[in-house]
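As recorded in Swiss-Prot:
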ACT_SITE  Asp13  active site, proton acceptor
ACT_SITE  His41  active site, proton donor
BINDING   12-18, 40-42, Arg304, 330-332, 412-414  GTP binding site
BINDING   Asp13, Glu14, Gly15, Lys16, Asn38, Ala39, Gly40, His41, Thr128, Arg142, Gln223, Thr238, Arg302  IMP binding site
BINDING   Asp13, Gly40  Mg(2+) binding site
BINDING   Thr298, Thr299, Thr300, Gly301, Arg302, Pro303, Arg304  substrate binding site
Amino acid sequence: MSSVVVVGTQWGDEGKGKITDFLSENAEVIARYQGGNNAGHTIKFDGVTYKLHLIPSGIFYKEKACVIGNGMVVDPKALITELAYLHERNVSTDNLRISNRAHVILPYHLKLDEVEEERKGANKIGTTKKGIGPAYMDKAARIGIRIADLLDRDVFAEKLERNLEEKNRLLEKMYETEGFKIEDILDEYYEYGQQIKKYVCDTSVVLNDALDEGRRVLFEGAQGVMLDIDQGTYPFVTSSNPVAGGVTIGSGVGPTKIQHVVGVSKAYTTRVGDGPFPTELKDEIGDQIREVGREYGTTTGRPRRVGWFDSVVVRHARRVSGITDLSLNSIDVLTGIETLKICVAYRYKGEVIEEFPASLKALAECEPVYEEMPGWTEDITGAKTLSDLPENARHYLERVSQLTGIPLSIFSVGPDRSQTNVIRSVYRAN
């Protein structure tokens with residue numbers, strides 16, 4: 001048995017898709033366990049760039065099972081669109097498996113997401129408006145519709161009718177906007193269910209059987225630890241648990257079967273959406289990092305906020321996710337910056353603190369304590385080993401590993417999978 005979890009250590013967009021794709025080569029099953037099509041993965045495979053939002057990155061390996069776990073929320077319309085996108089590019093999806101226990105995103109979830117963000121105005125969360133939050137709300141309220149329900153027309157119709165009574169009251173009375181008729185949704189979404197029916201099964205059985213047979217299973221997290229609903233910068237978070245612990249709930253695999261957790265990070269920090277960001281750069285260096293790193297959201301197209309590497313954030317991620325291995329991406333983006341900074345702690349009300357605060361008010365008042373390091377000007381995009389890197393780049397990586405307390409296992413010097421380099425295998429026995 002060999003199981004590896006890939007999690008983002010920051011606010012998402014760390015390059016998890018690329019690392020998952022890279023690690024998928026040596027895995028036999030690849031599974032997502034939380035989130036929905038609010039995630040965005042950009043993957044280069046055989047020289048072609050693909051952008052996925054819902055389907056796991058391992059889909060490009062037709063001999064490997066690719067799982068959408070029970071902890072995900074699935075927009076059937078978006079899924080059909082993504083399947084068509086892959087089919088048009090001659091990518092087989094016969095290896096896809098979808099949990100019959102995953103919850104379904106319906107049009108009223110999308111509408112509620114949109115109007116609630118508008119209502120909040122300046123206090124908005126910065127949601128992708130994909131209906132993720134409202135779908136998870138229904139799940140917690142025990143009125144959600146699952147994939148298994150979607151496949152049974154009578155059950156789907158009964159639950160949809162019940163839900164529309166409540167949702168329409170909410171839309172019309174509170175938000176003063178038009179609701180939905182059952183005929184607006186029933187036939188269209190039931191048909192979507194029929195189109196994906198061949199992929200649907202009990203994915204917990206698929207995953208546990210694979211582990212019991214000694215096969216390598218890779219769990220792909222979406223977003224990042226700082227967007228986790230429990231451990232992140234609440235309320236500026238997603239509605240699920242991207243932390244490694246989310247695997248057990250969102251995939252139906254017990255915690256004793258998880259061996260290694262790979263924390264993926266950029267060599268700097270980015271964030272999409274609102275909320276405090278202690279190391280944010282609003283100067284020319286920030287603009288340079290954004291443009292060189294092409295820091296625009298895969299899902300939203302929004303420019304990402306950028307900042308210096310924050311070891312306080314990544315230490316927090318290490319602790320709450322049990323991270324055993326660090327994968328550091330986008331090192332090449334920092335090339336040409338004369339002096340680099342790493343946040344080693346925060347200064348709050350005159351005191352130096354080394355742990356991430358729970359209070360957003362406190363976080364907003366924190367000032368980063370920086371350690372400066374000399375940069376490098378050499379082209380590092382062809383580096384294959386640590387010794388290929390210039391001395392200053394190597395020292396930067398070593399310092400990041402020291403400050404976060406996570407051994408460096410993978411480093412990346414460009415967007416292509418060939419620019420991803422392994423220092424030690426994450427599939428090791430111990």
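The backbone N, Cα and C atoms fix where each Cβ goes, glycine too.
What Swiss-Prot annotates, mapped onto the structure for a quick look.
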| residue | record | DSSP class |
| --- | --- | --- |
| Lys18 | GTP binding site | helix |
| Asn38 | IMP binding site | coil |
| Thr128 | IMP binding site | coil |
| Thr300 | substrate binding site | coil |
| Ile331 | GTP binding site | helix |
| Val413 | GTP binding site | coil |
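For the recorded positions listed here (Lys18, His41, Arg302, Arg304), the lowest count of other CB atoms within 10 A around the CB belongs to Arg302.
Between the listed binding-site residues, namely Gly40, Pro303, the fewest other CB atoms within 10 angstroms of a CB are found at Pro303.
Ranking the binding-site residues Asn38, Gln223, Pro303 by Cα distance from Gly15 (GTP binding site) puts Gln223 first. Of the listed binding-site residues Gly12, Gly15, the Cβ environment within 10 Å is emptiest of other Cβ atoms at Gly15. Other C-beta atoms found within 10 angstroms of the C-beta of Thr300 (substrate binding site) number 17, with every protein chain shown included.
Proximity to the residue listed as 'active site, proton donor', judged by a C-alpha distance within 10 Å, picks out Asp13, Lys18 from the recorded positions Asp13, Lys18, Thr300, Val413.
Maximum intra-site Cα distance, IMP binding residues Asp13, Glu14, Gly15, Lys16, Asn38, Ala39, Gly40, His41, Thr128, Arg142, Gln223, Thr238, Arg302: 34 Å. Rounded to a whole value, the Cα-Cα separation of Thr300 (substrate binding site) and Thr128 (IMP binding site) is 7 Å. Other Cβ atoms within 10 Å of the Cβ of Asp13 (active site, proton acceptor) number 28 in total over all chains. Rounded to a whole number, the C-alpha distance linking Pro303 (substrate binding site) with Asp13 (active site, proton acceptor) is 12 angstrom.
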